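Per TrEMBL, these features apply:
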| type | residues | note |
| --- | --- | --- |
| ACT_SITE | His36 | active site, proton donor |
| BINDING | 29-36, 150-153, Val179, 187-190 | ATP binding site |
| BINDING | Gln60, Gln156 | (R)-pantoate binding site |
| BINDING | Gln60 | beta-alanine binding site |
Amino acid sequence: MSPVVTRTPEELRAALAGLDGTVGLVPTMGALHSGHASLVAKAAEENDHVVVSVFVNPLQFTDLGDCDDYRDYPHDVDKDVAFLSDKGVDVVFAPEAEAMYPQGVPEVWVRTGRMGEVLEGAWRPGHFDGVATVVTKLLSLVRPARVYFGQKDAQQLMIVRRMVSDLNLGPEVRAVPIVRAADGLAESSRNQHLSPEARSRALALPRALAAIADGTDLETARAELAAAEGVELDYLEIVDPATFTADPEGTLALGAIRVGGTRLIDNRLLG
Ligand code: PAF
């Protein structure tokens, strides 16, 4: 079955009106891979219907989309729709920025506070406010029973959970484990920018997280990762996953590196 593709909120509402029963929403920015397939599979298992949004949200990029990271973000909706056929998806919502933000950059945003300012938020100021704002819009448009996020973006997942609870937005937030390729790299849309050499260098990050899980102390793992060839380390931390405060006794190790111009994040639950 091929999903119905909708491009505007009005088309989306018309498609949703024809669905009876629970809806699971999988928000994505496209460039779909096996990590997304696992979110879709979980949503199809737990709901009567599945909606996947494919939208490269300018608000969550530095300079609100006026940057190379936004322009270079892989974008091929036809390929994504083909990827989703026969995966139990009823509706794809793939708007252009003008359909999502007809008045341009919104005046009113969701503000994520301290949790959105640390770690990823410190490296990408405003990023989580952009995520929270678009996720709120998507929840308001789709009104799903459940919404699905990957554990790979652990800070995003925690912020969305907190936002849904703080603002009584309604859906159950479901987390789906990280999908790793055979070499151990966490699946990410950005992996397609990696040359074979950069990819093998990027494996230093999952290795550092595995070493921490095996008992290597944080300082040693951080020093080894910082010294890895071709790797620029942004951060490697152990945090309390409920607050994202650095905590040597915490149960989540997470890190971000840049390899050959591509920024990658990964994490691992400890214990
Ligand atoms: O994780 C992503 O792909 C994005 O941050 C999301 C949740 C789809 C919001 O644009």
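Quick reminder: no glycine exception, Cβ is built from N, Cα and C everywhere.
Feature map: TrEMBL annotations on the structure.
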residue : record                    : Cβ contacts under 8 Å, 6 or more apart
Met29   : ATP binding site          : Val54, Phe55, Val56, Asn57, Tyr73, Ser189
Leu32   : ATP binding site          : Val54, Lys79, Asp80, Phe83, Leu84, Ser189
Gly35   : ATP binding site          : Gly150, Lys152, Ile178, Val179, Ala186, Glu187, Ser188
His36   : active site, proton donor : Val26, Thr28, Val52, Phe83, Gly150
Gln60   : (R)-pantoate binding site : Gly126, His127, Phe128, Gly130, Val131, Val134
Gln151  : ATP binding site          : Leu157, Ala175, Val176, Pro177, Ile178, Asn267
Gln156  : (R)-pantoate binding site : Glu120, Phe128, Val131, Phe149
Neighbouring C-beta atoms (10 Å sphere around the C-beta of Ser189 (ATP binding site)): 18
Filtered recorded positions, from Met29, His36, Val179, whose Cβ is under 6 Å from an atom of ligand 1: Met29
Cβ packing number for Val179 (ATP binding site), 10 Å threshold: 18
